[in-house]
Amino acid sequence: MNKQNNYSDDSIQVLEGLEAVRKRPGMYIGSTDKRGLHHLVYEIVDNSVDEVLNGYGNEIDVTINKDGSISIEDNGRGMPTGIHKSGKPTVEVIFTVLHAGGKFGQGGYKTSGGLHGVGASVVNALSEWLEVEIHRDGNIYHQSFKNGGSPSSGLVKKGKTKKTGTKVTFKPDDTIFKASTSFNFDVLSERLQESAFLLKNLKITLNDLRSGKERQEHYHYEEGIKEFVSYVNEGKEVLHDVATFSGEANGIEVDVAFQYNDQYSESILSFVNNVRTKDGGTHEVGFKTAMTRVFNDYARRINELKTKDKNLDGNDIREGLTAVVSVRIPEELLQFEGQTKSKLGTSEARSAVDSVVADKLPFYLEEKGQLSKSLVKKAIKAQQAREAARKAREDARSGKKNKRKDTLLSGKLTPAQSKNTEKNELYLVEGDSAGGSAKLGRDRKFQAILPLRGKVINTEKARLEDIFKNEEINTIIHTIGAGVGTDFKIEDSNYNRVIIMTDADTDGAHIQVLLLTFFFKYMKPLVQADRVFIALPPLYKLEKGKGKTKRVEYAWTDEELNKLQKELGKGFTLQRYKGLGEMNPEQLWETTMNPETRTLIRVQVEDEVRSSKRVTTLMGDKVQPRREWIEKHVEFGMQEDQSILDNSEVQVLENDQFDEEEI
C-alpha cells in the first residue's frame, strides 16, 4: 500500500457535530439492540483494520474485560497526538466530532471502509466512559471521556514507549442500550474471523476475561479468502479445490475465490475494503455478469450448448457455488448506496471485477477441462429443473390470485378478514386439533391460520422442483403469495408476520427447524426483515380454588413455575402441557396469540455464514458433523424436553413490546 500517505493532525477533516447521536442513536448504528451494541466494536475495529489495509501494523487484539467494558488494540501508527487546526487536540476531535477522521481527508488513507463510517465519535457518544491510549513518536499518550463523550481529562503524556499503535477501551451506556450491554463472544468472533480471512497478514486475538466466560481465540489465515471459501463449505460435498484469482483494473484491486458444492443454492459473500456488503452492489453484479458470459461462451465452444439452445441463466450457472468477492477501492471512488455500507454503488467496481473475472476465468476453465465440462452439464441440468419448475414458480408468484382461491377452497387456510398486509399475521400451526383451537381462539380481523397436516420436506437436501411437490411447503408458498427462491419479493407478501406455532416437544422442535430451514434458504428476505417468529406456548398451567376464588396461572419456564408454586402455596393442581391441542381456544388466545399477553421469539440472522454452516451441519447429509455438534452443545438430562428459553442466543419478546428501532 501507499506508505507515503500523510496521516497527520492536518489530515483530520471535520464534517459535522455530534449533538444528535445520543438523542437518535438508531440513525447512526441502526438500533440499540444486540446488533447496535456490537456495531460499536466494529467501528473501532474497522479503524484498526484500515491501518492494516494501508500497510501499517498487522495485529489487532480485542478483549472483553472483567467489568464488561471492551478494549481494541492495534500496532498501527497510533492516532495523531498534536493540535488540530480547530485548536483542540486531534485525539479530542476524533472522539468528539462526528465524521472526523483520516478517511475523510485526502492523505490519511488510500483505501478505507469509510465514507458513511461513523467511527470513534459515535462510540464515545454512546458510552458510559471511554479511554484511549496512544503509542506514537516514542511516547505514550492518554485521554479519557465520560457521560457520552465529554472529556474528563486532557491529552496527557504518560511515559516512553518503543511500540506504536492505538488502544481504545469503552463501556456502553446502559441508558442507551437498555436491553443489554453484555458483549457476545460468538457474535464478535464471526466478524473478527471474517476480517482475518480478508487480510492474509492480519493476526487477530479475541479474549474474554469475564468470570466464568474465560476464553481466547486467534485468527490468522495465510491463504486468505481461499481458506474463507473452504470454511463456508465445511460439511458440504465439494466438487473441486478452491479456485482463486486476483487482478487490478481502474485502480481497483480485485480478489475472487470460488468453489462448487453438490447443493442447490448459491452463497456469494462480497466485501469492499474489508467491509461486508450484505446487499451486494456493483462489484457483485460485475462478478455475476462476467461468470455468466464466460460460462456460456465456454459451453458453446465445447458444444454442450448448440446454436439453437438458449444461453444458460446466471442462476443455473451459480447453483451450488460458494464465492468470495473482495475489492479495494480508493477513497475518491468509494460510493455506497444509502446511509449504510451494505450495498456498493461505485460504478467503476462493476467493470473492474468484470474485467478481472473475464480475463482469468477462461484460462481456469480450459486448464480444468474435465471439471469445467461437468460444471457446464450441472448448469444445464439446473436449467432443465428450472424450466420444469417455472409453471409452479409463476403460480406461487400469483398466489394472491388464482392459487389463493384454490388454497382457500381446499379448506386449509382460514384467512384474516382484513386486507391490510401491514398488520396481518399468518400462524403456521402443527396439527389439525391445535389448528382448530387456533381458528376459534384467534382475532379474526388480522390473524390467519394454516394448519400443517403432513410431512414438511427438508429443503436443505432438496431442489426447488422437488420442494414444489411437497404439499405443505407448496401451500405455505401460495399462502404467503410472494414467490419463492430468486423470485421471492417481500413487498408482495400477504402477511407482516409469519408465526410458527408447534407443540413443546421434540416433534414440534423438528417442525420448527424444517420450516426455518425453508424460510432461510428460499424466503431469506422475510427472515432478514425480522418477520418470522416462533410462538412460545406455556409449559405449565396452575389452578387453585373454585368458583369466584379460582385462580389460573401459566408458567413458561421452570423458574416461573417454582415462583408460582411458592406464591400459590398448597392445594393447587399442576398440568404440564405436551401439546397445543390440550388448550381450549380461550387459553390458546390468552397465552399464545393475544398480542397483549403472548411471548414471541423473533428469528434473526446475526451472520449468514454462521447460519448457513449451522443449517448444513444440522440438516445436511453428513452424520458425523451433526453428531459432534450435538455432543458439544446439547446437555442430556432426565427431562424429556428442554425449554427453548434455556438457549442464551434466543431473543425473547414479551407481550409484543417491540423496540421500534428493532423492527
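Glycine too: its Cβ is placed from the backbone N, Cα and C atoms.
According to its DSSP assignment, G119 (ATP binding site) is helical. The annotation ATP binding site is assigned in Swiss-Prot to Y7, N47, D74, G114, L115, H116, G117, V118, G119, A120, K341 on the grounds of sequence analysis.
Annotation comment: Swiss-Prot describes E430, D503 as Mg(2+) 1 binding site, evidence class sequence analysis. Applying an 8 A CB threshold to same-chain residues 6+ apart, the list for E430 (Mg(2+) 1 binding site) reads P451, L452, M501, T502, D503, D507, G508, I511, L580. The secondary structure of E430 (Mg(2+) 1 binding site), as reduced to three states from DSSP, is extended strand.
Taken from Swiss-Prot, the feature Mg(2+) 2 binding site applies to D503, D505.
The compositional bias 'Basic and acidic residues' annotation in Swiss-Prot covers 387-398.
For 424-538, the entry in Swiss-Prot reads domain 'Toprim'. In the predicted structure, the domain 'Toprim' (424-538) carries a mean pLDDT of 87.
Under the heading region 'Disordered', Swiss-Prot lists 386-416.
Per Swiss-Prot, the feature site 'Interaction with DNA' maps to K455 (among others); the stated evidence is sequence analysis. For K455 (site 'Interaction with DNA'), the same-chain residues that are 6 or more apart in sequence and have a Cβ closer than 8 Å to its Cβ are N470, E472. Reduced to three states, the DSSP call for K455 (site 'Interaction with DNA') is coil.
Residues annotated as site 'Interaction with DNA' in Swiss-Prot, with sequence analysis given as evidence: N458 (among others).
The annotation site 'Interaction with DNA' is assigned in Swiss-Prot to H510 (among others) on the grounds of sequence analysis. Taking the Cβ of H510 (site 'Interaction with DNA') as centre and 10 Å as the limit, one finds 14 other Cβ atoms among all the protein chains shown.
Feature annotation from Swiss-Prot assigns site 'Interaction with DNA' to R626 (among others); the stated evidence is sequence analysis.
Following the DSSP three-state reduction, the secondary structure of D503 (Mg(2+) 1 binding site) is coil.
Considering only the binding-site residues D74, G119, K341, H510 (site 'Interaction with DNA') has K341 as its nearest partner by CA-CA distance. When the binding-site residues D74, D503 are compared by the number of other C-beta atoms lying within 10 angstroms of their own C-beta, D503 comes out lowest.
When the Cα atoms are compared, K341 (ATP binding site) and D505 (Mg(2+) 2 binding site) turn out to be 42 Å apart.
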